[in-house]
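Asker: Let me begin by handing over the structure; questions about it come next.
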Amino acid sequence: MKVLPKTLLLLAGIVWFIAGGNVTWIGIQSYAGYLNILHLLGSSLVFIFFLWMFSKIVQKHSLRIQGYTSKQPFYFFFDRSSFIMMAFMMSMGIILRVFHLVSFEFIAVFYTGLGLALCLAGLQFMLHFYTQLNRRVL
């Protein structure tokens, strides 16, 4: 199924926001018994780092998507390397949790910051979509 380029921005936003929400939820659930100022500071630092990284990725993909002049397959909201990176990150996250390779404390701090950064990146994609939606064609 092919969609308009601006729709790819919306799809990217939805995917990133849902993924971020799921990761954040795992992090928040893991915070039981570990909630303190130091851990919140750690989550904040993780959030700032990943927001910086994801903002660059959002900009890169938004420019690529906005360069399309015709409908594209719906999965073109990512390029090949981004799908590979997403699969790697998901696999590592699952392996770390299933095999208990990291503590709940680490999961709480890291996943909360990472998930919130993913959510905000999703909102950035949606903002790009909204900007394209309201753009006048002369």
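The backbone N, Cα and C atoms fix where each Cβ goes, glycine too.
Below are the features listed in TrEMBL for this protein:
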TRANSMEM  7-28  transmembrane segment
TRANSMEM  34-54  transmembrane segment
TRANSMEM  74-96  transmembrane segment
TRANSMEM  108-130  transmembrane segment
Asker: Looking at the stretches 34-54, 74-96, 108-130, which one shares the most CB pairs under 8 Å with the transmembrane segment (7-28)?
Answerer: 108-130
Asker: Counting only residues 6+ away from its ends, which parts of the chain sit with a Cβ under 8 Å from the transmembrane segment (108-130)?
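Answerer: For the transmembrane segment (108-130), the sequence-distant neighbours (Cβ-Cβ under 8 Å, at least 6 residues beyond its ends) are 6-7, 9-10, 12-28, 30-31, 34-35, 39, 42-51, 53-55, 57-58, 61-62, 66, 93, 102.
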Asker: Any residues 6+ beyond the ends of the transmembrane segment (74-96) with a Cβ under 8 Å from its own?
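Answerer: Tertiary neighbours of the transmembrane segment (74-96) are 1-3, 7-9, 11-12, 15, 23, 57, 61, 64-65, 68, 102, 107, 111.
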